[in-house]
Structure formats: C-alpha cells, structure tokens
Amino acid sequence: MNNEKADIAIIGGSGIYDGNMLDRVREIDIDTPFGKPSDSITIGEHGERTICFLPRHGKGHRISPSELNSRANIFALKKLGVKRIIAVSAVGSLKEELAPLDIVIPDQIYDRTRSRPSTFFEDGIVTHIGFADPFCPEMSDAITEIADSKGYSVNKGGTYVCMEGPQFSTRAESRVYKALGFDIIGMTAIPEAKLAREAEICYSMIATVTDYDVWHEEDVSIETVIANAMKNEEAVKAILMDALDRISLEQNCICKNALAGAITTAPEMISHETRRRLEPLIGKYLE
Ligand SMILES: CSC[C@H]1O[C@H](OP(=O)(O)O)[C@H](O)[C@@H]1O
Ligand SMILES: Nc1ncnc2[nH]cnc12
C-alpha cells in the first residue's frame, strides 16, 4: 500500500515509454479490482505539481491494443487521485491536409472496436453516462492553445476512428473512413476515453500523425510509425511541459460529475462488495 497522490497523468503511446521529463521520479506498482495496469507507474514532480506517467503498451511495447487492460490503467490513476489525463497517441491520417508530424487535438471518436471491456459497472450495478463529447473540452482547448503558441502545426478538433487492430486497415476500410469524414485513425482511444469519463477524470489527447493511412496508396509501415512518433517526441514533451504547468487543477467541465444521475441501479440493490470494490468511483454517490 502506498500513499502517493498525483494531480495529472500522462499516458504515453507508441514511441513514448518513459516519464523522464519529471523530477524526483519514483516507480510504484498499483493493484486494482480489475488487475494490474500496463506497467509500474512513474511518479515525479513538475514545479509544484505531482505528475504520473504510465506507458500504455508497457515498457518495451509488450501489450497489443486489444489486450490493454484499460480498466486497470484508469482505475489505478483514479486511486492516485488523478483529475486530468493527457493521452499521447500515434495516429494515421485520413486527410491530405493532415500530414505526418502534424499534431491533432481530437474532439470526437467513432468506435469501431469489437470486444473490449469498456465499463467499470457490471455484475449487479448499471450506469449510463453521457459521452456525447468524449474529450474534455476545457483541457483540449488549453492544450491546443499551448501547441499553437509554440508554433507547432496543430489541428483543433477532429474525429478519431478507433479500429480494433492490431492489423492496419484494408484499403477499402480506409477509403470508407475517409469518405465518412473521419480525420485520424488509431487503436487505443476506446475504451480509455470511456473509462476516464466513468471515473470522472478529464481526458484529452495529443495525437501525433505518423503516417497517411492506406487510402493514400502507400502501405503503412511500423518503422515509419515509430520513427515519426519518436521524431515528434520533442514537440509532445514541449507541449506537455507547458500543459502540466498551466492546466487548471480545478475541474470546471462535464467530466467532473459525469456519474451524477447515471447510476441506474437502485442503491439498496447495490451490494456491499460492489460498493467496496468500486469505492474510488462511486463512494461519493453512495454514502
Ligand atoms: C505502433 S503502430 C499502431 C499502434 O500505435 C498507436 O498506439 P498508441 O495509440 O498507443 O500510440 C495505435 O493506436 C496502435 O496501437
Ligand atoms: N494508420 C494507422 N492505423 C491505425 N493506427 C495507427 N497508429 C498510427 N498509424 C496508424
């Protein structure tokens, strides 16, 4: 058991596996009712704030998108008291004008995943949260402004289509996603964003374009994706450094009370065991 707490979490995606931008770092292992997170969590300081870092696929990129235990990842961050998550993701582009090395701060998600556990609430408790705007609007605006002021090529808003993977899309799929008007494609925003909302944690994404998806003729190569994700690491870290300083720790957004009125199960039907298991999520609603 540890008593560590953190204000903001960074979830690192492909090509971003360590929290070396933080000071006085320590590593902690956290257990959750949903199992273990992708890796140990790095906690460190950034000015006055305590920040934690979790590599989504584990150090050494060991966990495939379909195998990610996102429930454990998000629950562990909730246990640490995290209010805000900045997720970093490598994405393919579905638009000519979104070129490799551009940055997108998406505002919508289209879910094409197939079978990923995507709620904390089951086995005797049901909730239905609103998810119309899956990213925290307040935090996404702040991050966009920071990226823009630093002179990076950043796109405000955009729809991230989340495919199952791990194979990349066929050309037919890619052309359909493009025709439907989606902007970028990746494999990990779902269920991460859904679970963060259920946990009432603000969730925004810095998506770095690593390639044109296959509608553009050339095949997607993993070498290019990783090489471009690493080329963008400096830009991502520069944006993160400012964001970690400037993002308000006060949640004034839809995320803060996402569960209010969403717990559908009659309170007297929710077992003590469920209340105990999910206490960090529902404790404040079931006193
Ligand atoms: C390494 S290529 C495909 C892989 O990259 C993206 O991961 P992440 O979102 O964690 O940066 C994409 O979603 C796939 O999981
Ligand atoms: N083209 C692509 N499709 C799915 N996920 C990706 N991550 C990076 N590039 C991608």
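Glycine is treated like the rest: Cβ placed from N, Cα and C.
When averaged over the domain 'Nucleoside phosphorylase' (7-244), pLDDT in the model lands at 96. Residues or ranges marked as domain 'Nucleoside phosphorylase' in TrEMBL: 7-244.
Within the same chain, residues at least six positions away from His57 (phosphate binding site) with a Cβ under 8 Å of its Cβ are Gly13, Ser14, Tyr17, Ser38, Ile63, Ser64, Leu68. What TrEMBL lists as phosphate binding site is Ser14, Arg56, His57, Ser89, Ala90, Thr188.
Packing around Ser169 (site 'Important for substrate specificity') is summarised by its Cβ count: 21 other Cβ atoms lie within 10 angstroms of its Cβ, all protein chains included. As annotated by TrEMBL, site 'Important for substrate specificity' applies to Ser169 (among others).
Sequence annotations record features per position, and here TrEMBL assigns substrate binding site to Met187, Asp211, Tyr212, Asp213. Tyr212 (substrate binding site) carries a strand DSSP state (E or B). Neighbour density for Tyr212 (substrate binding site): within 10 A of its CB lie 20 other CB atoms from the protein chains shown.
Within 10 Å of the C-beta of Ile222 (site 'Important for substrate specificity') we count 11 further C-beta atoms, all protein chains included. The annotation site 'Important for substrate specificity' is assigned in TrEMBL to Ile222 (among others).
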Listed in sequence order, residues not in Ser14, Arg56, His57, Ser89, Ala90, Thr188 with Cβ within 8 Å of the centre of the phosphate site Cβ atoms: Gly12, Gly13, Gly15, Ile16, Pro65, Val88, Gly186, Met187
Filtered binding-site residues, from Ser14, Arg56, His57, Tyr212, whose Cβ is under 6 Å from an atom of ligand 2: none
Largest CA-to-CA spread of phosphate binders Ser14, Arg56, His57, Ser89, Ala90, Thr188, angstrom: 12
